Amino acid sequence: MTEASRTGKRVLLAKPRGYCAGVDRAVQTVEEALKLYGAPIYVRKQIVHNKHVVQTLEAQGAIFVEENEEVPEGATVIFSAHGVAPEVYEQAKERSLKAIDATCPLVTKVHHEAKRFAAEDYDILLIGHEGHEEVIGTAGEAPEHIQLVDGPEDADRITVRDPNKVVWLSQTTLSVDETMETVARLKKRLPMLQSPPSDDICYATSNRQHVIKEIAADCDVVLVVGSRNSSNSVRLVEVALDAGARAGHLVDFAHEIDDAWLAEAGTVGLTSGASVPEELVQEVLAHLAQRGFTDVEEVVTANERLTFSLPQELKRDMKAAAAAAQG
Ligand code: SF4
């Protein structure tokens, strides 16, 4: 009999978890820019919403700023994975900044949808969280056409110019179920409401929610590795609780796990948000193993193979530098 089966302590490890293609690309963009241009490299906002990632890049020479005005004229600035409004590009131009855009292509897709529907004079209902950087960026594409709908309750206060010409779009990292609830509520008042041409909630968000739903009911506690300002990580805790987990907690690091959470637990579910490096999950597994949770079963509901290439402007400079080095 193994130690784990004697103690009845096990971990259900969700897969997919952790880094998505957009985060991977954004982090690589900063790393490659540091290699190519040298430190410091300025990054507008947190490149991805994860404390550890930001601290690691800071140690390599990245300087995180809130706005373009904090970047010295002529310096290089990288825009985060969450996307920016068009005025941010304008400001960068005015300050002669060399801008590299690390916006996730799946966020850019939503920007394109917003621009297209605005050009066709639709009222656009953008489902998302007020104040989130992605929502600010998307809304900035067509502020006169876009209204924010922050959850199902918000649906009742919406007014539109023409109920026959209205479409909903969404932030990429929402709860799939809650979004559908919001849409259903909107549709009660606006039966002709159109849906986005393709899902705005991205594959990574839905895959991570799907697998945690599969295991949640078997878990005494679900641990989600992720930062508090990471929308998709926060949603994972909510989804786990809705799907039957007895308890759920968000932690940035293993040392934040309170032993009291594990005291009565037999099964611990473990996952991580789309901006979380795998090493942090491995540290949590080691932490759990020290407390008797040595039986780890990975529950796999999808295999993700999507990758995105680096931003064009960076690839161009990398190619030129490689050519110059050769000869
Ligand atoms: S969570 Fe989705 S939208 Fe956000 S960076 Fe990852 S793939 Fe892109």
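Every residue, even glycine, has its Cβ placed from backbone N, Cα and C.
Since we're looking at a predicted model, the values are computed, not measured.
If you look up TrEMBL, you'll see Cys20, Cys104, Cys202 marked as [4Fe-4S] cluster binding site. For the recorded site, Cys202 ([4Fe-4S] cluster binding site), the DSSP three-state label reads coil. Its Cβ taken as reference, Cys202 ([4Fe-4S] cluster binding site) is surrounded by 24 other Cβ atoms within 10 Å in the chains shown.
In the three-state DSSP classification, Ser230 (isopentenyl diphosphate binding site) falls within coil. Under the heading isopentenyl diphosphate binding site, TrEMBL lists His49, His82, His132, Ser230, Ser231, Asn232, Ser275.
Residues annotated as (2E)-4-hydroxy-3-methylbut-2-enyl diphosphate binding site in TrEMBL: His49, His82, His132, Thr172, Ser230, Ser231, Asn232, Ser275. Within 10 Å of the C-beta of His49 (isopentenyl diphosphate binding site) we count 29 further C-beta atoms, all protein chains included.
If you look up TrEMBL, you'll see His49, His82, His132, Ser230, Ser231, Asn232, Ser275 marked as dimethylallyl diphosphate binding site. On its own chain, Asn232 (isopentenyl diphosphate binding site) has Thr173, Ala204, Thr205, Arg208, Gly226, Gly273, Ala274, Ser275 as residues at least 6 apart in sequence with a Cβ closer than 8 Å to its own Cβ.
Sequence-distant contacts of Glu134 (active site, proton donor), defined as residues of its own chain at least six apart whose C-beta falls under 8 angstroms from its C-beta, comprise His82, Gly83, Val107, Gly128, Gln171, Thr172, Thr173, Ser231. Glu134 (active site, proton donor) falls within a helix when secondary structure is assigned with DSSP. According to TrEMBL, the active site, proton donor annotation covers Glu134.
In the structure shown, the C-beta of Ser275 has more C-beta neighbours within 10 angstroms than that of any other entry among the binding-site residues Ser230, Ser231, Ser275.
Highlighted here are the recorded positions (Cys20, His132, Glu134) whose C-beta falls below 6 Å from ligand 1: Cys20, in sequence order. Recorded residues Cys202 ([4Fe-4S] cluster binding site) and His49 (isopentenyl diphosphate binding site) have their alpha carbons 16 Å apart, per Cα-Cα distance. Distance from the CA of Cys20 ([4Fe-4S] cluster binding site) to the CA of Ser230 (isopentenyl diphosphate binding site) is 13 Å.
Neighbour density at the Cβ, taken as the number of other Cβ atoms within 10 Å, is lowest among the binding-site residues Cys20, Cys104 for Cys104.
Taking Cβ-Cβ distances under 8 Å and a sequence separation of 6 or more, the neighbours of His132 (isopentenyl diphosphate binding site) in its chain are His82, Gln171, Ser231.
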